[in-house]
Every structure is written in C-alpha cells, then in structure tokens.
C-alpha cells in the first residue's frame with residue numbers, strides 16, 4: 001500500500017446540512033414502490049412526489065418558503081394515478097414535467113401567485129377562494145402503461161425523454177402541438193430503470209431490469225447502437241454521464257447482492273473500465289455527477305453520501321457526508337444555482353421522513369476571491385438549440401456561464417457562446433414566472449443561480465458618446481462569520497491574505513484613471529483583467545503549494561512512525 005497522499009483540491013470537501021428552520025417540513029412523501037429519486041430541484045423550486053388521495057400529485061415548493069408547510073398546500077394535480085418522477089427544464093426554472101402511473105406525461109408551469117394565498121389570514125384566504133391546486137398546461141400520451149422516468153435534453157429547448165412501461169424511450173417536442181413522440185428507442189425486454197444524456201445530447205444511455213446496458217443515437221432512435229451486460233443483480237441499476245467526458249458511471253448490484261460502482265467508456269461498452277464493490281447493503285445507490293469531476297453516491301436507506309474523484313480513469317475515494325437520518329430520495333441542483341462566495345461546489349436536497357433537507361458541499365479556502373480552479377463554467381439557462389433544430393440533425397455544445405460574474409463563456413466545442421455582459425457577482429432576485437399558458441414558446445427562460453446569466457443591457461440599443469467607465473472591483477470586507485479553515489495552517493495562507501490587500505489596492509488604480517478620462521477606459525479594463533488573471537493564478541499556485549506542503553508533512557509523519 002502506498003504511503004504517499006494523492007494531491008487533490010477536493011480532499012477536504014465536507015457536507016453540511018442547513019439549519020432546521022431552513023428545512024421543508026410537513027412533507028407527505030409518496031409511498032409508491034417505484035424506484036425514482038422522489039425529489040427534483042433547481043435554484044427556484046423543489047418538487048416532491050406527494051402521497052395524495054384521489055389520483056396522483058406532486059408538490060412544488062419555492063426554495064425561499066422554508067419551514068413547516070401548511071396542512072392544506074397547493075398541489076400539482078392532473079394525473080389519475082401516482083406521480084412517479086418529475087424533472088425541471090434546464091432552461092426554464094418554472095417549467096416542470098411529471099411522469100405518472102396512468103401512462104401520461106404532465107407539463108406544468110409554476111406561477112408565484114399560486115402560493116401567495118398561503119400568506120393570507122384564514123379569513124382572507126376564504127374570501128380569496130381558498131387554496132387551489134395547480135393544473136397541467138397539457139398532457140402527453142406516454143403509452144398504454146406507466147411512464148417511469150422523465151428527463152429534459154441538456155442542449156435543445158423543449159425536448160423531453162420519457163421511459164414508458166411498454167419498454168420504449170420516447171423523445172417529445174413538447175412545444176409542438178401533438179402528443180406523439182418524434183423519436184422512439186426500442187429493444188428493451190424489461191422495465192427501464194434509469195437514463196442519461198451525454199454532454200451534447202446526441203447519445204442516450206439506459207439501464208434495464210434485464211441487466212443490460214444500452215446506448216442510443218437520439219436522432220435515429222430504433223435499436224441500440226451498443227448493448228452489453230451490466231450489473232448481475234436485478235435490483236435497481238442507475239446511470240449518470242460524466243459531463244464533458246466520454247465516460248459514464250453506473251451503480252447496481254452483483255449476483256451476490258453486493259452494491260457496485262462501474263466506470264464505462266461510452267465508445268466501447270464491452271466491459272467496464274473500472275469496477276468497485278461498495279458494500280452489501282440493500283438500498284439502491286443513486287449516482288450524481290459534478291463537473292468538478294466528482295461523483296456523489298447516495299444509497300436509499302443510508303445516512304451517508306460518498307464522493308469519488310475521477311482522474312485518469314480511476315475513481316479515487318475522497319470522503320463521505322455522514323448523517324443519522326436515512327434518505328428516501330435525493331437530488332442535486334444545477335451548478336449555476338450554487339453560492340460561489342461560500343465555495344459551495346454542490347447542493348443537494350435530501351428526503352428523510354416528512355422533511356426535505358438542503359445539504360451544501362463546501363471546499364474550505366481562506367481566500368476571499370473567486371476560486372476559479374474549483375468553479376469551472378456551468379451550463380447556462382440559455383439553450384443552444386431549438387427542438388426543431390435538434391430533430392433536424394443539428395448538434396451543439398451547451399452554452400456556459402461563468403460562476404464569477406454571470407457572463408457567457410464559449411463552450412469547449414463549436415456551440416455559440418451565451419450572451420455576455422458585465423453582471424454583478426451577486427445575483428438579483430429571480431423574476432416571477434409568467435402566468436400559465438398553453439404556449440411554451442412565449443415562456444421566458446430564466447435562471448436563478450448565484451451567478452445568474454445577465455439580462456441584455458438596455459443601453460446597448462442607443463449609441464453612446466463614450467463607453468461607461470469600468471467599475472472598480474470591491475476589496476474583500478472582513479468576514480462576519482469565519483469560514484471553515486484548512487486542517488493545517490501553513491505559511492502560504494498568510495501569503496495569500498497579505499496578497500489580497502495588495503491586489504485590491506493595485507486594482508483600484510486603473511479604475512480611478514478610467515473615471516478621470518474616458519479615453520483610458522479600454523486600457524483600464526485590460527489592466528483590470530490582467531490583475532484578475534494574476535490574482536487567480538497566484539491563488540491557484542498557493543493552493544498547489546499548500547497541498548504539496550500537507551503531503552510532505554503527512555509523509556514525514558508516516559516515516560517517523562515507521563522508524564519508531
């Protein structure tokens with residue numbers, strides 16, 4: 001066994017649950033035995049499969065409405081049988097799809113006014129007509145049997161995948177008028193258990209109860225492009241694509257009921273690249289991928305959440321979040337909804353008992369500046385393709401957004417970049433969703449991340465005599481709450497703290513000159529960008545030295561122990 005510690009930026013990632021007053025309490029979670037996550041979420045809403053009588057329902061909960069929910073709560077009703085799964089559009093936080101045991105897919109739009117009645121007194125509520133349930137915009141026919149899973153396309157707007165009980169995966173253009181599928185993927189001999197798109201949405205991978213793994217061309221449909229034996233057990237197998245990589249991971253059970261984690265090469269699935277036996281517990285493992293190259297694993301009935309880092313086709317165990325409360329379901333929000341100011345690299349919503357708990361995963365850093373090495377650009381709320389373009393055969397990379405200032409970032413591929421403008425780092429409060437309407441094209445896309453995509457500047461339409469001066473970056477203020485520090489304090493931490501004050505002072509000089517003379521604005525902006533880059537490079541280097549210093553100290557301690 002090696003005595004050396006593998007350096008990693010994420011060795012000290014830790015999870016922390018929100019305060020109890022920030023939980024969502026009095027949740028009546030569905031008791032249906034179908035294996036899904038039970039919960040979905042984004043920066044604005046959390047959806048939970050609800051235990052409702054008289055047909056199926058699910059609850060949409062605004063993220064700001066924490067605490068105990070009232071006993072009578074507005075539900076999304078419109079299915080004649082249990083709701084099995086829900087999914088939010090990646091391009092419109094208020095647009096959600098539901099899959100039901102009645103064989104249909106429901107399409108819904110949230111309106112902030114739907115919950116305003118809860119803020120009224122009992123008498124005012126009666127005058128307003130009481131609490132009213134939400135109705136779907138429309139429903140799609142999924143087949144003669146249940147619809148088990150729904151998943152939106154990561155690049156094309158209004159493209160939805162649905163796994164039906166007749167063993168077919170169907171792709172719908174939900175903006176089109178009809179309820180027929182544009183593409184059907186067939187060849188399954190048993191229930192479909194899980195599905196995932198690749199980075200561009202041109203390939204779909206699915207697990208099945210027949211113990212086989214299949215990949216499909218999402219344009220052609222039909223039979224699988226590749227098919228291979230997967231986990232040997234028949235209990236729930238799950239799949240998650242590894243972001244921009246041509247890799248994906250699956251979780252499942254062996255024939256001896258051991259829980260397993262497999263890593264696959266999507267170009268050749270004849271056998272897995274890596275196989276890991278986790279344990280012999282009975283709960284289904286739910287895998288989630290973060291673009292930090294971290295895989296989160298949460299087992300149903302477990303209280304812990306493990307995380308692994310993928311590097312050079314090796315899955316390296318980092319650590320785990322531990323809790324005494326078992327989870328029934330879990331979901332992670334899109335990365336554009338994270339709080340980069342607190343170095344939050346992931347946020348989950350955990351269903352336990354009659355509550356939903358927010359859990360944040362943080363990287364401890366002493367620096368107050370934006371940590372570019374742990375916050376790569378995230379998929380934005382701007383679609384790269386329309387549904388018509390996608391089904392016509394066009395391919396594009398997702399539009400990306402910077403988590404530092406909300407500006408658009410050109411993707412690693414040939415996709416058009418998102419609109420870029422100088423948005424402040426603090427995101428404005430999300431705008432209210434429009435009222436429900438049957439037209440999906442008129443619904444605006446919206447984002448609710450901590451670094452939301454900026455709106456186009458209204459002044460851009462009018463000619464200006466000279467460009468506005470660039471705002472000077474604000475020097476970090478003393479923190480009111482001390483962040484979690486690294487386990488070992490090194491001399492590099494002091495170097496970084498001293499460097500911030502010097503960098504802030506240096507950055508203010510060109511901004512002052514720009515304000516005095518409009519002709520120097522362009523030069524001032526260049527100087528500011530240069531200083532920002534230098535600051536980010538220095539912070540990254542300091543972090544590397546901290547990791548190296550910690551590694552050397554650990555190895556030195558182990559040598560001493562060996563000699564003793």
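Even glycines carry a Cβ here, placed using N, Cα and C.
Here TrEMBL flags 3-67 as domain 'DUF1899'.
According to TrEMBL, the repeat 'WD' annotation covers 76-108. In the predicted structure, the repeat 'WD' (76-108) carries a mean pLDDT of 96.
Annotated region 'Disordered' per TrEMBL: 402-432 (among others), in sequence order.
Summarising the annotation, TrEMBL assigns compositional bias 'Low complexity' to 411-432 (among others).
The feature region 'Disordered' is assigned by TrEMBL to 458-524 (among others).
Feature annotation from TrEMBL assigns compositional bias 'Pro residues' to 466-476.
What TrEMBL records for 480-491 is compositional bias 'Polar residues'.
Per TrEMBL, the feature compositional bias 'Low complexity' maps to 501-521 (among others).
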Tally of DSSP helical, extended and coil residues in the repeat 'WD' (76-108): 0 helix, 25 strand, 8 coil
DSSP-derived helix, strand and coil totals, residue by residue, for the domain 'DUF1899' (3-67): 3 helix, 24 strand, 38 coil
